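Student: Just lifted these from TrEMBL, have a look:
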type	residues	note
DOMAIN	33-412	domain 'Amino acid transporter transmembrane'
REGION	9-30	region 'Disordered'
TRANSMEM	33-54	transmembrane segment
TRANSMEM	60-84	transmembrane segment
TRANSMEM	114-134	transmembrane segment
TRANSMEM	146-169	transmembrane segment
TRANSMEM	181-201	transmembrane segment
TRANSMEM	221-247	transmembrane segment
TRANSMEM	259-282	transmembrane segment
TRANSMEM	302-324	transmembrane segment
TRANSMEM	345-366	transmembrane segment
TRANSMEM	372-395	transmembrane segment
TRANSMEM	407-426	transmembrane segment
């Protein structure tokens, strides 16, 4: 069986915790405290999703939006604690893949190999695409920070990659980021509180247009908008795909429920606060990233600085797990030496950063990239897989069946049904929307200045002085090319507008 445990993704060497610390309750064991663990979870989970929460609530209405947020929070708490219960049965597991391998240890070899492939592949693909989302968000943040410089999105995301490399190259364990975790929490507060404070200072009579609506249930809601809101909220709360790695670095994993309940309470309050406040002050016109609700001024620059800081630290947290996994896989394949030197680590980090930059260019639309991840990897990696691990332990009698009520089994069935529905409907809907946005705003690697530059062609909704009809950005790339004009982005904008 030990040989089977090493078949995929270098299971025994993958992770960020040394093998000597695999046990969760050894006397004098070093590791992260419950408070630091709660901070890591908040830093990991409260990220891009919260920036799109106003958009999600606007598609549902304030009452229905509240119900959905609370329900999905409860679902995430339940599934995460399921994962912890499985980990208590296999405390030697330091990674998501190792836990899956241990849970299916008594399964037929073919089933075990399939589970290893699905768990390892989905986790790594999810982290990788999430890094692309963080790069995209940070590139847009830099564009808002320097909104009068009018630099195109591909170059802004490239600048962010260059900015984060020194931090990413020097960090190899989550525990080494203890100081940065609290900086990240402060930056997160700044990125969400500064825009809301500005909107509150202006008042709803100014920030909400005459045609904008504030309803308990959105009157224009349809299946497409409802699914989009669900995928956004699902992505906002997800964190199970990296939770085993976080548990494995705890000093005492029995304290994980305390740490997680603390962090989930903060998550729920934060998501409700941001979603409802943005919807109240912007009404049905709330869309896209939270910062796009601000006009171009010093407040925007300050909020954008907080956003970039937050995304940088969150990027490094996810990147540590992914890069350690890649290194483990390369060592298992004997492509690199067992001792992980600096040159090897630098090569892996630079390769991952470069590839994530490409992801940010393929889907350069913040809300749609959030929806795409929420419709594909979130249901599989964060919902379905943890439930399957729990049910496998129940099947093998590793868990006492008397501890699982009929009501909980019914809840598990509903959670799986919702997850499958999100994957099927959400993925089709989001891919269709991405294709439409490519036609409207330009293909991958185009300039994509939407809501970043202080020009009517790019950001009409943020500039009240823009005349009616301006900002219909059919496609800078297509339009300028069809007119036979090729030049710098700012000249193309002037030419088109």
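Placement of Cβ uses the backbone N, Cα and C atoms for every residue, glycine included.
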Student: Suppose I define contact as three or more CB-CB distances under 8 A, residues 6 or more apart in sequence; do the transmembrane segment (60-84) and the transmembrane segment (302-324) meet it?
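Tutor: These two stretches do not touch.
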Student: If contact means at least 3 Cβ pairs within less than 8 Å, sequence distance 6 or more, would you call the transmembrane segment (33-54) and the transmembrane segment (372-395) in contact?
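Tutor: Contact criterion not met.
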Student: Please report, as numbers and ranges, the same-chain residues at least 6 past the borders of the transmembrane segment (372-395) whose CB is under 8 Å from any CB of it.
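Tutor: That would be 75-76, 79-80, 82-83, 85-86, 89, 99-100, 103-104, 107, 115, 118-119, 122-123, 125-126, 129-130, 133, 227, 230-235, 238-241, 363, 401, 404, 412, 415-416, 418-420, 422-423, 425-427, 429-431, 434.
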Student: Quick check: do the transmembrane segment (181-201) and the transmembrane segment (259-282) share at least 3 Cβ pairs under 8 Å, counting only pairs 6+ apart in sequence?
Tutor: yes
Student: Decide whether the stretches the transmembrane segment (221-247) and the transmembrane segment (345-366) have at least 3 CB pairs under 8 angstroms, with pairs required to be 6 or more apart in sequence.
Tutor: no
Student: Most CB pairs under 8 Å with the transmembrane segment (345-366): which of 146-169, 259-282, 302-324?
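Tutor: Between the stretches 146-169, 259-282, 302-324, 146-169 has the largest tally.
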